[in-house]
Each structure stands twice: as structure tokens, then as C-alpha cells.
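Asker: Handing you this structure, nothing more for now.
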């Protein structure tokens, strides 16, 4: 759901008041005002089945050694009933509730109470107070960017405990994985429900709210654009970036510790999963200021899709490869391990350099060099809700001349590398690449629909100049 982002195609904005703006839709930001039948059906499906999908995957590992087919066979053959599977599922425990409460409270403390200091001594890192993109109502929110700092502090404490203090076992996350699932669900539903109530009765900015009149759509896709409590606690930035993504690398470390405990060694496949996904997580926090310009912050309202998705879907389904390797340790041959590592690193390079090119282009207003040449671009404009005209440049050279979302192509290469570490004995680890392909393709279409509404004929000129979405010459 969350955690994979695309930079908005609109880059450098020159704000100018105008009385004769271009004929551009003023609903180009955020989700829809009206709900069509397909969107409603999709939302009802996700609300009903997304929690069951997560449970099914985790239960399959716990009770069926990560085989996705065996539970269905057992049920169809009459060997087991749903009640049998449910009764064998670990329940919510006070220990898990305490662990999860302390975890979330600690991340809130790091987010709200400790201003960033990493930007003062890490060259090239942008942290501290930063401005986000303009909202539909014309508001520019400020954010305390301190995710990298929170990640470092959290992991320093984790390793200090593992090697010196021994207050808890490094396998604590794996050992309480299903009870923690119930805690994550409680938080996900609680924050989503609170966000909806807040949007109706005490929104942060009423002009940035959208109501369709359909309860299910508003609950899932959100009403408020940027719900906040106080000056700094921003729901979208916190739940998109913490606690789920900070936990991502801790979860993988706990899986590695469990593998060591069970088998006396950590396999090279588990090391690859930790390294490749760790690079992705660190990249996210190093570029957290850039994240303020992504589709999650700039377009999505905050509802169940982000609230529950970041609490449950992300930490439980994005870490399936490590979980699988606890039950089925895989020791890869040297050639295979090197090949998978190279695929992951090349994918990361494409993902990062594509975004870097766009960011450089935006920051310099096109006065830079991409691959040794001045970048090519298309001039375009659009209008905000308050009648202000904005001007943008859409780059058509570098990686962005190959495909309109080439950063997603690199992302998918990395996602495939994660899955390949697990071999081919089970399909469960490959859910991730299937899901990411669907998610990112849908994001391409969803974002381009917005851009067509936003830029009109300028967007058609852009798609003529860059005809492919993801794979040059194919799609």
C-alpha cells in the first residue's frame, strides 16, 4: 500500500497570481469527489479481504510451513474446518500489547520530541524543518524531517541490547509475530476511524477536505488531506514513515536471529534480504525531505488505505521473504547470490538515479546537466483551487526520456531480487513482486489520470514525447 513512491511529474513551480488562468481542472489534487461503481466495488473488496489476505499469509507460514495451497486443500477435503485453523492461531497477549505500545510510543517520542541533528554533521543529508508541496487549498505545511535520526537511534539501541544489555531476545519480533498482528490491526483501524471523525468535526484545514457522501469510500481513501495534531504531528508523514518502515529492518534482523537460533547459522539468502531491503529503507530515510514531494504526501488523503496499510500491510507483507527463510532456509550458490545482488543493486541504482535526475532538474529549474547535456523539457501550467496559476516543467531527457515512470522499473527490479533469494519451492515469497507490479502499474495509471486533468493538452504533448510508462519499447 504505502512505502513505494513516485516523484510528482510537476517539478519547479513558479507561483504567480493570475486572472486569466488556463482552462485546467481545479480538482487535480487528491482523490475523487465522486465515486463510480468500479471504485466502490474495489474499495469494498479491499476493506473486506485485505485483512484476511494478511492473516492467510501469516497463518500459512505458522501452520503450513508457508504453503499457500495446503490450507485450501485441507478445507476442501474436509480434513479441517475454519474453526480448527482459527483455534490454532495465537491470540492477542498482554506481552505483545506491551511491546507494541512501547514501540509506537517510542517512535512518536522520536518523531515529535527530538529535533533532527543528523543534517548538522552528515554532508548531503537534508533534515530538520522542511516545507512540503502546496496543498489544494494553497497551504504549504512544514515538517520536522528526522526519520534517519529515528532509524539510527532505534537500531543503535537494538544492537546495544543484542550484544550488551540482553534485556530481550533479538527474536522477540518473530516470537510474537501473530499477537503483534492483532495489535497492528487495532492501531490501524483506530487511527483510520479517528482520522475520519477528525475530518468531519475538527479538520486541520477544512478547505483540504473531500466528502463524497459515500461512507466506505471516505473511510478508506480519507477525508483530510493533511490531518495533524498540534504543530508537528502529521499523520501522513508519521504513519507512512514510522513506525512501519523503521520496523522493516528490525523485523528482518529478528528473522535472521531466529534463523541463527534454529539452525546455527544465517544463510546468505537471509543476508541478501537484510542488505537489499536495508538499502531501500535507508534510502527512504536519507531522502525523507524528497518524500514530501511524492504522490503519498502530495495527492493521497489520509484514510484506511494509508492508516491501516502502513500499520499492517507494509510490515507484514513486505517482509515475507525473511519470514519464509526462517521456515525454509536457502543457501544460494555463489553465482546465484552474486546475480541476485547485482539485480538488486542495479535496480536500486536506476530507482535512485532516476529520482535524482528529477530532483536535480526541479531544484535548478532545468539549469543543470543530465548525462552531460542540458535537459529537455516541456513547459506546462495548471490552476489551484484558490485560482493561483502555477508553471511547471516536465523533463523528457535522461531516464525520464526512456519512460514516464522509469523509477518504478528500478523498484520492480529490486522487488524481484528480494523474491529470488527464496528459490522456487514455494510461491508465497513471490507475492511481493506480483503485488508491486499491480500497485505500481495502477499508480502509473492513477497519476497520469490526475496529470491529464491537471495539465490538459500540455500532458498530451508530454506523453507524445515520452510514449512509454515503464519499459521502453514495450509498455
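For all residues, glycine too, the Cβ spot is worked out from N, Cα and C.
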Asker: Could you tell me which of the ranges 112-129, 130-147, 148-165 is annotated in TrEMBL as transmembrane segment?
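Answerer: Here TrEMBL associates transmembrane segment with the stretch 148-165.
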Asker: Under TrEMBL, which of the candidate ranges 15-36, 37-58 is annotated transmembrane segment?
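Answerer: In TrEMBL, residues 37-58 carry the label transmembrane segment.
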Asker: Ranges 232-251, 252-271, 272-291, 332-351: which does TrEMBL label transmembrane segment?
Answerer: 332-351
Asker: Cβ under 8 Å, sequence separation of at least 6 from the ends of the transmembrane segment (302-320): give me the contacting residues as numbers and ranges.
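Answerer: For the transmembrane segment (302-320), the sequence-distant neighbours (Cβ-Cβ under 8 Å, at least 6 residues beyond its ends) are 1-3, 46-47, 50-51, 53-54, 57-58, 181, 184-185, 187-189, 191-192, 195-196, 218-227, 235-236, 239-240, 243-245, 247-248, 251-252, 255, 277, 296, 428-429, 431-432, 435.
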Asker: Who are the long-range neighbours of the transmembrane segment (177-197) in its own chain, taking Cβ under 8 Å and residues 6 or more past its ends?
Answerer: 51, 54-55, 58-59, 62, 89-93, 95-97, 99-101, 104, 218-219, 222-224, 227, 235, 239, 302-304, 307-312, 315-316, 323
